[in-house]
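The annotation transmembrane segment is assigned in TrEMBL to 20-39, 60-77, 106-125, 132-152, 164-189, 201-223, 243-267, 274-296, 302-318, 330-348, 368-394. Residues or ranges marked as domain 'Ammonium transporter AmtB-like' by TrEMBL: 21-418.
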Amino acid sequence: MKSNLTSQPTYTEVTEDDAGWILSNTFLILTMQTGFGMLEAGSVSYKNIANIMVKNCVDVTLGGLVYWVAGYALSFGEPSTPFFGYGNFFVTAATVADTGRQYAHYVFQLSFATAATTIVSGAVAERMQLQAYMLFAIVNTFGYCLPAMWAWHHNGFLGSIGFFDFAGGCVVHGTGGASAFVAAYVLGARYKRFARAGEEAVHYTASSPVTALTGLFMLWWAWLGFNCGSTFGISKDRWKVAAKVAVTTLNGSIAGGIVGLVSSFVVFKGRFNIDYIILSVMGGLVSITANCAIISPAESLIIGAIGAAIALFAIRVIERMEIDDPVGAIPVHFASAGWGTMCVGIFGKNDFDLLKGHNGLLHGGGLYLLQVQAFGWILISLWSALFTAVFFLAMNRAGILRMSLQDELMGADWVEHGVRSESVGNKIEKIIKQMNLPEDEVQDVFKKMIIEATTSNERQSAFFLGGVNEEDAFNMARVLSQTRQGSVITSRLIRRASEMTIKDLPPSRKISLMNGTTPRKESLAVRKESSVRCRPSSTPLIMMKEDHTNGIP
């Protein structure tokens, strides 16, 4: 069947219905910024939540301005060469008749350009200076625009030899993934992220797995706009392709999610690890993006499942390489994207003449299409990697790339934005105050916990960096949590607070608990259940709370 469709169709024939479809899907795609932001914010530590959201905002503001000024012209401008366009700078419709199709095409492609840069923000989280990232958001627009031109412009040299990428599996995600790989490598790992001789690695705790999962859901549904909207309309045969794409996209993500659940259950011996689930669903989605229009629903299950497995394997590989990727951007957007790009040459079928007469290996097309896809993926990956390497190395040489150690340990929220997240000091303070201790006894218990949970070197470093007095127990905990191995010390302190028993408290408090009263007022636990008087001394005090959060607010 012949049709007017091609990979990323041109905008020369756009009806009113097509424009409505394009704009609706564009708005859906732009909500991916919220999804990426929430996934990344939930994956980083508390002290960097606001900063990672600001970076996602920067991708749209600065990157969007540059795309309007020059990016769109380089990708889709006329006149053009096979390697870049050089018309339509400062995008403005030439005539009233061109207004609808010109602007509809522009805003749709803008949403793709901003997504490519956002991928990098997660890989460099918690240690890259915001000003440096702003510069990257501006420059990376140009890094994305040329691969888009090569693959999707009617005059692009990759498209002319048969390279196919329906919705940006390679052009958007592969470009972002390759950039993320190089960026994370040049930037280096977070403080003590990987163990060194004689030193233990710091375990960085995610701020909110629930927020990360909510971000995944937003990305999941917005992905339907990403893929289905790439028909660039619903007139003629395009609505048929859009319906098919919706099914293959969902099937790929479903298969990926199942791989994540099963793998987690096996690896973690009966537990379902949230990181595994997120990586697997995302791996399935990315691996289906380039090929979603030219495969069957059954094939999409296979592609999504393998794409998820590749992402889970790749995260182990980059950790062995000691490349720090806080959100898993590299395994998903680089490794799974490569697999999805190759799948065009393996599973592709020339329905609706999308493949310009070619078929994939499993449909009798031989190796030609697979070779073209491999060439395109390697070329785009190398371009993105080299472009990012040059810019990051230049910023590193200029001394503006990475945050100082003290700033990194304090957290970008406070250093860059003046926002202080609730620290472990606040958390432990709340825990102990719920025991209704007198003020003088609170200080004594707090200080005892801190000394037990930290080493002398950690305390000395906190005093040096924070300039606090050793006698000030509350400030000591806050500075420790924000300047020196914060997540490790947080874990120790909260565990210590949760394990506190009657024998750990001052004598006056022990007597009060045994009598069922407190020095100042009756406790919540005593009001709730009088059986507290009969609890053995080994019962953790924190379990007397009305809720069951183990003392963590």
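Placed from the backbone N, Cα and C atoms, the Cβ positions cover glycine too.
Curation plays no part in TrEMBL annotations; they are all automatic predictions.
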Cβ contacts the transmembrane segment (20-39)/the transmembrane segment (368-394), at least three under 8 Å, sequence gap 6 or more: no
Stretch-level contact, the transmembrane segment (132-152) and the transmembrane segment (274-296), CB cutoff 8 A, at least 3 pairs: no
Distal contacts, the transmembrane segment (164-189) - CB-CB under 8 A, six or more residues away: 7-8, 112, 115-120, 122-124, 127-128, 136, 140, 143-144, 147-148, 151-152, 226-227, 229-230, 245, 286-294, 318, 322-325, 329-330, 332-338, 340-341, 344, 348, 354-355, 369, 373, 376-377, 380-382, 384-385, 387-389, 392-393, 396, 401-402
Distal contacts, the transmembrane segment (106-125) - CB-CB under 8 A, six or more residues away: 22-23, 25-26, 29-30, 32-33, 36, 39-40, 43-44, 48, 51-52, 55-56, 59-60, 63-64, 67-68, 71-72, 75-76, 91, 133, 136-137, 140-141, 144-145, 148, 168, 171-173, 175-177, 179-181, 183-184, 187, 226, 229, 232, 325-330, 333, 388
Beyond the flanks of the transmembrane segment (201-223) by at least 6 residues, Cβ under 8 Å: 28-29, 31-32, 34-46, 49, 126, 190-195, 249, 253, 274, 277-278, 281-282, 285, 289, 326, 485, 487-488, 490-491
Segment-level pLDDT (mean, integer) for the domain 'Ammonium transporter AmtB-like' (21-418): 95
